[in-house]
Amino acid sequence: VVKFRRTGESSRSDEDGISGEHEVQIEGVRTELEPVELGDGAAVPKEFANPTDDTFMVEDAVEAIGFGKFQWKLSVITGLAWANAMEMMILSILAPQLHCEWRLPSWQVALLTSVVFVGMMSSSTLWGNISDQYGRKTGLKISVLWTLYYGILSGFAPIYSWILVLRGLVGFGIGGVPQSVTLYAEFLPMKARAKCILLIEVFWALGTVFEVLLAVVVMPTLGWRWLLILSALPLLLFAGLCFWLPESARYDVLSGNQEKALATLKRIAMENGAPMPLGKLVISRQEDRGKMRDLFTPPFRWTTLLLWFIWFSNAFSYYGLVLLTTELFQAGDVCSISSRRQEVKAKCSLTCEYLTEEDYTDLLWTTLSEFPGVLVTLWIIDRIGRKKTMALSFLVFSFCSLLLFLCVGRNVLTVLLFIARAFISGGFQAAYVYTPEVYPTATRALGLGTCSGMARVGALITPFIAQVMLESSVYLTLVVYSGCCLLAALASCFLPIETKGRGLQESSHKEWGQEMVGRGSHSPGESQE
């Protein structure tokens, strides 16, 4: 007997069960099935579950509704928040400009970059906690509006100390933008999750490319102040569209707001033109949300520590390469930097060089490398898994860093920087896929927030390596970056959990992935009895 319901009916009670449901007796179906034994505490695989169960979870609804119009809209809106890459890319353009215009020594130039990461580092965990306590949508909206306000205000900074404070406040807001990934991931079906999270990373790449193109047009005519103001455009668009964003249904269920979660799921089903699952939405066990100690429980202790180092290495190497690119292009190659340092010693310490049109062109080419990085990661992440993808990305970056020891010409230098940036950005993207998948709903935003905070520690340190240490020894600088990525590759291999092919964990009180065992294991051509 197969029970089904007409499209549009989403819940059932004992009173309307007769009128709303229909039964069909299918002849010729084998009724004697072999018994299946399950171990103690094991979850019932979906292929053996009763299709007429009276309850369903948010995960079941998300999988049943699938990917559709709603997720496309969500991709664009969360992508606009993710285009805050413009606020990061501007650092490599703004630093040499202010170095010359305000006659800043190198340590003040490095501090201008680092203060942004200080703000991000100090706020990432806070935004994660807010998102776990008060909702993903709330944390994301406040952080984006904060970034927008201080981003525009920094364009009016009269002196160095003012721009230092205002860019630090911009960094404080940017620390909450990664929560867009948490909100986005919780609305995605399992099979589409990795691809979709990687595809909104395209907005990061678009943001960096648009920033360079904007700088080419704005810097020679309007100057750096207008560049700072116009760089806030994507966040302005997000602020205008964020009223459409729903709260995460997973968060609503975990916080006991069943009716709101059900309304959100019905809205998604309506927009996607898909039916809701049969039965009643299950309310998850109420848990304390956003507690730091939950990241260090036995199932997650090593995962948390290894992920912190992986995120640290990712940001340390990625932003280090962004800053090194400007320095290397101004010098021509690594050997030119070494010889130039000898000449600079006899000159004034405030000697500076503005970025030329050729520098902007090469900066654009290396920025475009993030698109192949997305495509490569997209192709391998569901084939070899999340852990191996991150390890491979770190290894390739480390190898390219070592090749920079050779006195190569500008064209070969551009190619090596292109490949290195493609793979380190791919590793970053893989980490953004893996981290929301590995933590349960109660600590997902906090887990991502703390990892993002550790990334900002790496980003905070990297200007003093890529800009200050570089003046002493370019080779030592490259060894530091290469060695860090080799260790990060090992850390990726030692992660205890592989999330490929698994659903998002709802409760921290169950074995990891227990709720999704057996789901999605059948191909369309397989028959089920």
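Every residue gets a Cβ built from N, Cα and C, even glycine.
The region 'Disordered' annotation in TrEMBL covers 1-21 (among others).
The annotation domain 'Major facilitator superfamily (MFS) profile' is assigned in TrEMBL to 73-500.
For 74-95 (among others), the entry in TrEMBL reads transmembrane segment.
For the transmembrane segment (107-130), the list of distant contacts is 87-88, 91, 94-96, 98-99, 138-139, 142-143, 160, 163-164, 167-176, 178-179, 290, 292, 315, 319, 323, 445-450, 452-453, 455-457, 459-461, 463-464, 467-468: same-chain residues at least six beyond its ends, Cβ to Cβ under 8 Å. According to TrEMBL, the transmembrane segment annotation covers 107-130 (among others).
Proximity of distant same-chain residues to the transmembrane segment (142-163), defined by a Cβ-Cβ separation under 8 Å and at least 6 residues beyond the stretch ends, is recorded for 81, 84, 87, 98, 102, 104, 108, 112, 123, 127, 130, 169-170, 172-177, 179, 225-229, 231-232, 235-236, 238-239, 242. According to TrEMBL, the feature transmembrane segment maps to 142-163 (among others).
Summarising the annotation, TrEMBL assigns transmembrane segment to 197-218 (among others). Under 8 Å from some Cβ of the transmembrane segment (197-218) lie the Cβ atoms of residues 75, 78-80, 82-86, 88-90, 93, 180-181, 184-185, 188, 226-227, 230-231, 234, 357, 360, 363-364, 367-368, 370-371, 373-374, 377-378, 381, 425, 429, 432-433, 436, all in the same chain and six or more residues away from its ends.
The feature transmembrane segment is assigned by TrEMBL to 224-245 (among others).
Within the chain, the transmembrane segment (299-319) has long-range Cβ neighbours (under 8 A, six or more residues past its boundaries) at 88, 91, 117, 390, 394, 397, 421, 424-425, 427-428, 431, 434-435, 438-439, 447, 450-452, 454-459, 461-463, 465-466, 481, 484-485, 487-488, 491-492, 494-497, 511-512. Annotation comment: TrEMBL describes 299-319 (among others) as transmembrane segment.
Remote same-chain residues near the transmembrane segment (389-406) are listed as 310, 313, 317, 321, 328, 334, 377, 380-381, 413, 416-417, 419-420, 423-424, 426-427, 430-431, 434, 475, 478, 481-483, 485-486, 488-490, 492-493 (criterion: CB distance under 8 Å, separation of at least six residues from the stretch ends). As annotated by TrEMBL, transmembrane segment applies to 389-406 (among others).
Annotation comment: TrEMBL describes 412-434 (among others) as transmembrane segment. Here the transmembrane segment (412-434) has Cβ contacts under 8 Å with residues 178, 181, 193-194, 197-198, 201, 204-205, 307, 310-311, 314-315, 317-318, 321-322, 324-325, 328-329, 332-334, 362, 365-370, 372-374, 376-377, 381, 386-387, 389-390, 392-394, 396-397, 400-401, 403-404, 451, 485, 488, 495, 499 of the same chain, all six or more residues outside its ends.
Look at TrEMBL and you will find 446-466 (among others) tagged as transmembrane segment.
The transmembrane segment annotation in TrEMBL covers 478-497 (among others).
The region 'Disordered' feature in TrEMBL is assigned to 506-529 (among others).
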Closest-packing stretch to the transmembrane segment (224-245), where packing means Cβ pairs under 8 Å, from 74-95, 446-466, 478-497: 74-95
Average model confidence [pLDDT] within the domain 'Major facilitator superfamily (MFS) profile' (73-500): 81
